[in-house]
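Working notes for the structure below.
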Amino acid sequence: MAGRAAPAPGALLCALLWAAAAAAAGDGPGDNPAPGAFGRVYRGAVNISAERVYAFAYRSEPGQVDAVRVYVNSSSENLRYPVLFVVRQQKGVLSWQVPLIFRGLYQRTYSYQEVSRTLCPSEPTPETRPSDQIIFVDVTSMAPFNIAYELLVTRLENFQLETNKAFNFTASPSQPQYFLYKFPQDVDSVIISVVSDAAYPCSVVSVQDIVCPVYDLDHNVEFNGVYQSMTKQAAITVQRKDFPGEQFFVVFVIKPEDYACGGSVPSSIHGNVNRTWNLQRTKNLQVTIVPSIKKSVYVQAMFFSFISFLSFYLGSVVVAFVHYISTDMKLTVPPGSVSVAGSGMMTSSHLISASTPEGSSYGAIDESSSSGGRQLSSPEHRPPAGSDTDSSVEEESDFDTMPEIESDKNIIRTKVFLYLSDLSRKDRRIVSKKYKIYFWNIITIAVFYALPVIQLVITYQTVVNVTGNQDICYYNFLCAHPLGVLSAFNNILSNVGHMMLGFLFLLIVLRRDILHRRAMDMKDIYTLDYGIPKHFGLFYAMGIALMMEGVLSACYHVCPNYSNFQFDTSFMYMIAGLCMLKLYQTRHPDINASAYSAYASFAVVISLAVLGVVFGKNDMWFWVIFSMIHVLASLALSTQIYYMGRFKIGECYLGMFRRAVMVLYTDCIQQCSRPMYMDRMVLLIVGNLVNWSFAIFGLVYRPRDFASYILGIFICNLLLYLAFYIIMKLRSSEKLLPIPMFCIMATAVVWAAALYFFFQTLSSWEETPAESREKNRPCILLGFFDDHDVWHFLSAAALFFSFLVLLTLDDDLDTVRRDKIPVF
């Protein structure tokens, strides 16, 4: 026991004066206060007609905070007649009973016969002379018989915590502890770090203002201040501005049960077994208070964040300038040359030789029918600039001719060897408008999605600030730097990269769009029939999605928890889906999904993600249904891709699957023939195996983080398709230019680094708040950012490079005729 001291002579005299005054007032003999000595054990008995009063006096030095702790014990187990202890101080009264009863789940009770409490300390007086303080301890009981008790009162010597100095102590449910901390003159913010070797018993750490009484029991510790539940680790950041007196109490309470920290939940038992006596739940704790970062670190962190991503703008300007010097300044086209947007010039003799088919392979289209049947011999045959006519619609004729049969999409799309000219027959203006719907729709979705999200997380943050319950949000409390009303500003600031790089990508796409429009305005007929068709609507949508990922990730990190995790993943699904759609659109511009069906599919995925978060933990029926949907959707999509959209899913689901089974039986079993589209078949077989593996894994293991599970499905499918695309591109004797090669290498390196930091789990809303805090770690970058913040920085750069890969991957084809570009 700490803080034992002999009574001062002046204190004893003061106590005797109080006793004499009480006796002269005519009180009963049991009411006469007996002078008490600190550090001495008093034993006695009380009943309904006999009570005891003790007076403890001490002298307080100027500017000193004195704390007194009272230890009491009673051997009685009679809950009907407990012993009542009332402590009277100059400005407050504290009382409790022995046995002290705590209540848990299912009305289970826990009784303790030994109790110790720290009295609310006296405030330091402005006087320059010492002052005398008196404490009265009343011991009473309504029992008709004697009940024995023990009383010990001590003065605490180590009541005030010091900066950067660890302090060890023990606590139990009936013996809570709290200590005082004063801010040093040059410190505006501190981090209270508490550790323990044992996870259980579950405990609560609370920070309370200097107000009496101090709430230090399980049933009232949440009434005041800021608090956290704790197993092995807890951390609370405290700012000087929140405490006008520049000091506060740090309170430690041990809970009677462990269910709040993830421990076992007691079963519901009725009868006498439902009561537990003197359960041993002592916990050793160590508390250390260290200064937090200064304001200058906030400025450095913000400066670092913006400068890091502004360097991407600088690099883009340099690349654009080099491109301008080498290409854009050639505004005049020399005789015998034609302009091709984005790739310089080539001679007309090269065009003629490149357009001549090398062989008579089935599926090759000659000059008169390429690019949707437009005649290349004369500009007069081109549609007017403002025409919205679909170029795949042929002129009416009374006779069926071979060119008309060749132009029918049902025949063209079932060729063994398809070329880009076969799937880019529609008028470019109509197709461009179709893909721009992606851009306008995602803006609408972003606005309607983001506004309620922002409102909700502001409400979450307000609740945290008002109630003080830090178990609501799953921060990395060892690296959570507050700013204003925000509890973890660093987790929000680190998302600035998504917004800045998303906007930069929009600028890059806009520049390409302008250059393409400039080339189209030059009225060169060959420009329309070379390279990949330039449709930028999906790229604009990807840029908006990247910006919104930053906004919604920042919203999620305002108060990360189980209820709002989908805010952080919704636009991740959309980014992965848009990238796959863009990759498919590159060589299938006429048959790609419409914006309405694509966003409807994303809505279904997000709905499944929400249902998975709610029901995916333990409900087997949900996983069975989801796995069936997953497998059937994979088969349906595979059929559509294999037959180039010639199956009408909306017309007959059963007919589609029946035809797929018949094709599989005819080609692979009955005739054992080679599949008609071997490359597509290989991709779809591998893709289905991957998706079926995901479905089986989910069905067997039922991962608790369902949102990340779905995101993993999207990312694996995207990587599989991208790898297939690049392999087929190289296999078709196409080449990778320096810029896309650099972007591919940068994407791989940055993604590898980003994923390393992503898997450094710093918190987990799949567990209880106390268990999640066991994963908390200190900051690793500038003393301000943690591992997850570095993940934000790197993932933003990785997504940006990934988008550039899709934007520049086929730049080498800008001088190649479309009837020479294979479709895969």
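Glycine too: its Cβ is placed from the backbone N, Cα and C atoms.
Noted in TrEMBL for the protein shown:
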- 368-378: compositional bias 'Low complexity' (COMPBIAS)
- 391-401: compositional bias 'Acidic residues' (COMPBIAS)
- 352-401: region 'Disordered' (REGION)
- 1-25: signal peptide (SIGNAL)
- 297-322: transmembrane segment (TRANSMEM)
- 438-458: transmembrane segment (TRANSMEM)
- 492-510: transmembrane segment (TRANSMEM)
- 538-559: transmembrane segment (TRANSMEM)
- 565-584: transmembrane segment (TRANSMEM)
- 596-615: transmembrane segment (TRANSMEM)
- 621-643: transmembrane segment (TRANSMEM)
- 681-700: transmembrane segment (TRANSMEM)
- 706-727: transmembrane segment (TRANSMEM)
- 739-759: transmembrane segment (TRANSMEM)
- 790-809: transmembrane segment (TRANSMEM)
Under 8 Å between C-beta atoms and at least six residues away from its ends: which parts of the chain pack against the transmembrane segment (492-510)?
301-302, 305-306, 308-310, 312-313, 316, 486, 536, 539-540, 542-551, 553-554, 557-558, 785, 788-790, 792-793, 795-797, 799-800, 803-804, 807
Best-contacting stretch, by C-beta pairs under 8 Å, relative to the transmembrane segment (438-458) and drawn from 297-322, 596-615, 706-727:
596-615
Within the same chain, where does the transmembrane segment (739-759) have neighbours whose Cβ lies under 8 angstroms from its own Cβ atoms, ignoring anything closer than 6 residues to its ends? I mean 6 or more beyond.
319, 726, 787-788, 790-791, 794-795, 797-798, 801-802, 804-805, 808-809, 811
Which stretch, 538-559, 565-584, 596-615, 706-727, tops the Cβ pairs under 8 Å count with the transmembrane segment (681-700)?
706-727
For the transmembrane segment (706-727), which stretch among 297-322, 538-559, 565-584, 596-615, 621-643 has the most Cβ pairs under 8 A?
565-584
Take the transmembrane segment (790-809) and find every residue of the same chain, 6 or more past its ends, with a Cβ under 8 Å from one of its Cβ atoms.
305, 308-309, 312, 491, 494-495, 497-498, 500-502, 504-505, 508-509, 512, 539, 542-543, 546, 549-550, 553, 575, 579, 582-583, 586, 722, 725-726, 729, 736-737, 739-740, 743-744, 746-747, 750-751, 753-754, 757-758, 760, 780-781
